[in-house]
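Read the structure below first, then the notes.
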Amino acid sequence: MSHVSICLLSEAGADPGALSILADRWGLVSDDQAVMALVLTAERLELRKRDEPKLGGIYVDFVSGTQAHRRKFGGGRGEAVAKAVGIKKGYLPRVVDATAGLGRDAFVLAALGCQVQMLERNPVVAALLDDGLRRGYLDAEIGPWLRERLTLLHASSLTALVAIEPRPEVVYLDPMYPHRQKSALVKKEMRVFQSLVGADNDADGLLAPARALATKRVVVKRPDYAEPLAGVAAQAAVVTKSHRFDIYPSSVTPPR
């Protein structure tokens, strides 16, 4: 496993031994000079940009905040991502989210009843996801179904997509995309995130293995101004104000 250098910090109230366990598990090497810091607080694990402290910490929270609000008051099956993966009454596809990020869309699909396996190759992001899942699993309200429906695999999608069993009906891709220079200051979260992981320059290579793995379809989330992934025109799309969800059929002929 290749090691990633990041500043590792522990705040008052955090378990003092947890940081070294975290570093060992995810292959992290502490670098006091690094701009990016992974901070263990008494409540959770956070990612911070040390040269821009006003941006605050980035963390995964499935229990409260915007995720809880989206689960309770969002569009439910009417949400664009739900329509794109094909959720219908009596049909809840199994989904592999091959670019999990902070797990937002994966959580929405799991909350609607889908079984979702998240793939995340960046060890820092995987550590944040794992921390959010751990807290979510312990929650009295969402824990019982979250444990059943939402899981994490720390692996590169370029290799993992070939080997996943059983095959999911849907593979979901939401690769990082370079933001327009002219756009307003990118949301703080995106700025911190892109400082860590950059753009997914190899994302075009995901479409073919995703279509070979999915038994029904691949869904690719793109900014409205972005070219289709790998330059391949989509069969259909669900369009929102600022994004579109491009839909591609599976490339595997179903058995007769």
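Going from the start of the chain as shown, residues are counted 1 onward.
Cβ from N, Cα, C; glycine included.
For the S-adenosyl-L-methionine site, Swiss-Prot lists ARG104, ASP105, GLU120, ARG121, SER156, SER157; matching the candidates ASP131, ASP139, ASP174 against that entry yields ASP174. When secondary structure is read from DSSP and collapsed to three states, ARG104 (S-adenosyl-L-methionine binding site) falls in the helix class. Annotation for the binding-site residues SER156, SER157: lowest Cβ count within 10 Å of the residue's own Cβ, SER156.
Look at SER156 (S-adenosyl-L-methionine binding site): DSSP puts it in coil. Overall, the recorded S-adenosyl-L-methionine-binding residues ARG104, ASP105, GLU120, ARG121, SER156, SER157, ASP174 cover a maximum inter-Cα distance of 19 Å.
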